[in-house]
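Notes for the one structure printed next.
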DNA sequence: GTCTATACCGAGATAGAC
DNA sequence: GTCTATCTCGGTATAGAC
């Protein structure tokens, strides 16, 4: 299984550095220091490689998210996680890829629903525990709010645009503060 | 200039239907019913075609946005516009493209800044006129809020995901209502 | 499981006749 | 401005020896 993992690692690196269009059998094989035929032997056609790579990443993210949601300040932890570029970079690339590759769409859609359900369940519980039901947003709106904003800011940052980012971040964090209080762990980086 | 426009139209169609990866000189030429050489004659290399296509779309969007911002309920109009799939589809495709094509990045970044500046100026004025300065968000935060959410919802819709979309939309529209009052023109479609 | 060889295609791009 | 011909490269994919 070492070859298999090497191929997935290589594909992931290339995808991050140059986008999904750069992920070709020839280049993946070269990067993994493996024969080109191996890619086909282990993964069949390219779509299967992408699918497998996505699953591997989703599983990792899923565990990471569960961890965040189980932490003392789950919303702050979730927010930190969503703002981590390394977390979203691959996801965004897969979203772009899925626009043209039908085989990928289903995998992403299923995975997203799975995440959304876990998030909803957790946030509902969190809001109830804190008795913050009245003056705050419904759980799903809160989730989509955090997801939307983090994704958008990351996207703009990759273009070196940052106009208004401070103001937007301040609004989000103000919202989190009203629910979970002052953040008790320092933000990453 | 008819050939030139035909090429741009063809490129735009293909980009929308199959993504930027489908936009090749050969296919564009075929779709435009034009010789392949014409693409090179009129646009030089592919990056120039993409750049030109982006500019054409951005100009159209710019005018459309200015119109929205000059309407009786500018925020509602802006929100409606942002939620229009035909408006964002091309943009999203260009964002994906720009992740790998350095030549495109600059064009998009410049254009985005231009939009953001126009939006900020307009929203600031609107909020001041309505004296809504105290209990609402700063202009840039409001813009980024609307941009983020609309983009995210559209992206998910293209995957046929809609969990929580109603709740999120309700929150946004509630926000708009507090600033501009009840919407007086019916939402499109 | 691994490697070589190879078929085949469609991509970008250019030269040059008309 | 238009069209044909053509070059080169790198992509996907398979067959078959080891």
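Any Cβ shown, glycine's included, is placed from N, Cα and C.
Keep in mind that TrEMBL annotations are predicted by a computer and have not been checked by a curator.
If you look up TrEMBL, you'll see A:1-61 marked as domain 'HTH tetR-type'. The DNA-binding region feature in TrEMBL is assigned to A:24-43.
Remark: secondary structure over the DNA-binding region (A:24-43) totals 16 helix, 0 strand, 4 coil, with classes taken from DSSP. If you average pLDDT over the domain 'HTH tetR-type' (A:1-61) in this model, you get 96.
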